[in-house]
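What TrEMBL lists as compositional bias 'Polar residues' is 508-521. Residues or ranges marked as region 'Disordered' by TrEMBL: 1-30, 495-532. The feature transmembrane segment is assigned by TrEMBL to 45-67, 87-107, 119-141, 220-237, 258-277, 297-316, 328-349.
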Amino acid sequence: ATGSMEAAAGEKAGGGRNGHAEGPAAERGGGGRLKGCQGFLRRNALVLLTVSGVVAGVALGAAVRGAELGPAQVVYLAFPGELLLRMLRMVILPLVVCSLVSGAASLDTRSLGRLGGIAVAYFLGTTLLASGLAVALGFIVRPGSGASALNAPGLGLPGAVPTRKETVDSFLDLVRNLFPSNLIAAAFQTYTTDYKMLLRNTTSGNATWERVPVGTQIEGMNILGLVLFALVLGVALKKLGQEGEDLIRFFNSFNEATMVLVSWIMWYVPIGIMFLVGSKIVEMEDIVLLVTSLGKYIFASILGHFIHGGIILPLIYFAATRQNPYRFLLGLITPFATAFATCSSSATLPSMIKCIEENNGVDKRISRFILPIGATVNMDGAAIFQCMAAVFIAQLNNVDLNPGQIFTILVTATASSVGAAGVPAGGVLTIAIILEAIGLPTNDLSLILAVDWIVDRTTTVVNVEGDALGAGILNYLNEKANKEKEQELKEVNVEAVANSKSEGETSPLVTHKNQVSNASSPADPESKESVL
């Protein structure tokens with residue numbers, strides 16, 4: 001009995017000790033979970049704030065919409081969002097020029113040519129795939145058939161249709177903008193062809209009007225010319241060697257300072273996005289009429305963006321890298337939200353460079369080389385939008401597209417998306433080129449402009465997603481090539497060491513050295529004399 005009482009007392013004491021020991025452990029476990037939550041919130045604060053800004057913007061727009069604000073009040077409501085756009089556009093010029101110069105100068109000429117070739121093939125391939133997908137969806141969904149309420153008042157935007165422009169002049173303007181005559185003017189002006197009518201008297205005495213192309217400068221950054229100049233300048237500085245190192249260091253420092261500015265601007269993004277989205281919802285006039293009349297067109301365009309951005313592009317990334325593409329895209333929620341709110345690939349570029357380097361670990365030389373080029377020439381979402389608009393207008397006018405016209409749409413959309421401005425509604429002007437190429441009227445473009453503010457958001461998200469996945473693929477291929485080079489160097493070193501220790505050495509220099517060392521031994525003086 002005494003033994004059992006002692007055992008029970010011991011168990012009680014042990015239980016007490018265990019209970020005392022479990023208390024601090026439980027406290028430590030709770031504290032660890034709390035610290036983990038705090039660390040997660042600290043790491044993803046910007047993403048959470050940006051998504052909250054979009055949601056708050058929708059709520060703000062829905063709440064203020066009933067107040068029936070006038071145009072002046074809507075402008076005041078959009079003022080914080082306007083500040084965000086102005087700040088992002090402010091850093092585009094130094095970011096594009098400095099990042100491309102430093103990126104081109106940091107890569108050797110062989111790597112630059114290889115990566116550039118892969119990038120061009122990727123951009124052209126994905127844009128052609130996007131164009132083909134849009135045309136196929138257009139024939140399946142048939143967005144232009146049965147659109148009866150399109151002539152209702154308030155749908156079109158009167159006076160918003162661009163002037164008719166020849167297809168040849170559009171492509172010539174693209175080449176002219178690649179070589180700007182004035183670099184300073186290229187920072188804020190773009191060359192475009194306009195037309196004027198000249199009265200000419202013929203020999204028979206009849207007067208005829210002739211449409212003559214005239215070159216003009218319009219407001220807007222000539223990003224194509226700046227990109228080409230920065231790339232060539234970076235290669236030239238690399239060729240200079242030591243003489244160009246000071247200027248390369250200057251552009252590198254300028255680039256890093258610009259990225260610091262971008263990191264500061266990023267904390268204002270949630271506030272700006274909230275007011276941008278809210279003011280756009282307040283501006284909507286009759287959303288019900290738009291959706292009922294152009295709902296099939298809106299649905300077909302957004303479905304094309306979803307299939308291309310959610311399935312085709314991730315599959316291409318997976319096929320090239322054998323890595324999870326959705327984990328890669330998860331680190332880019334902030335630039336995607338910025339693209340959705342601003343509808344501008346160029347304005348999204350600063351946040352995209354920052355997030356793809358910090359969250360996804362892409363090499364700075366790759367991201368700052370490929371992302372500015374991609375923001376200029378890679379427009380997958382715009383190609384879908386333009387091809388869908390062309391098929392929609394053809395069906396609206398009861399025109400059956402033949403295989404030649406379909407091929408013209410694919411080629412023209414792929415080529416004209418390169419010259420599409422990375423600004424809101426930049427792709428609408430290039431639709432006129434496609435319509436002219438296949439002989440369709442441009443009068444119905446006002447309908448496209450009426451819903452452009454909806455479709456342009458998913459268009460921009462797909463554009464920047466294509467750039468980001470392209471940078472991820474190039475980064476993977478570059479790392480793989482570097483590892484192969486290192487492995488080859490190791491194998492060469494191992495072979496050299498093994499050969500130097502082998503008896504049957506074939507190199508005459510090593511043979512003579514071995515003979516001298518063997519002959520110099522005192523045991524064989526005759527051999528020493530003969531060698532000497």
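Glycine too: its Cβ is placed from the backbone N, Cα and C atoms.
Counting Cβ pairs under 8 Å to the transmembrane segment (220-237), the top-ranked stretch among 45-67, 87-107, 258-277, 297-316, 328-349 is 87-107. Counting Cβ pairs closer than 8 Å and at least 6 residues apart in sequence, the transmembrane segment (297-316) and the transmembrane segment (45-67) reach fewer than three and form no contact.
Non-local neighbours of the transmembrane segment (258-277) in the same chain are 46, 49-50, 52-54, 56-58, 60-61, 77-81, 83-85, 87-88, 91, 94-95, 98-99, 334, 337-338, 341-342, 350-351, 353-354; each lies 6+ residues outside the stretch with a CB under 8 Å from one of its CB atoms.
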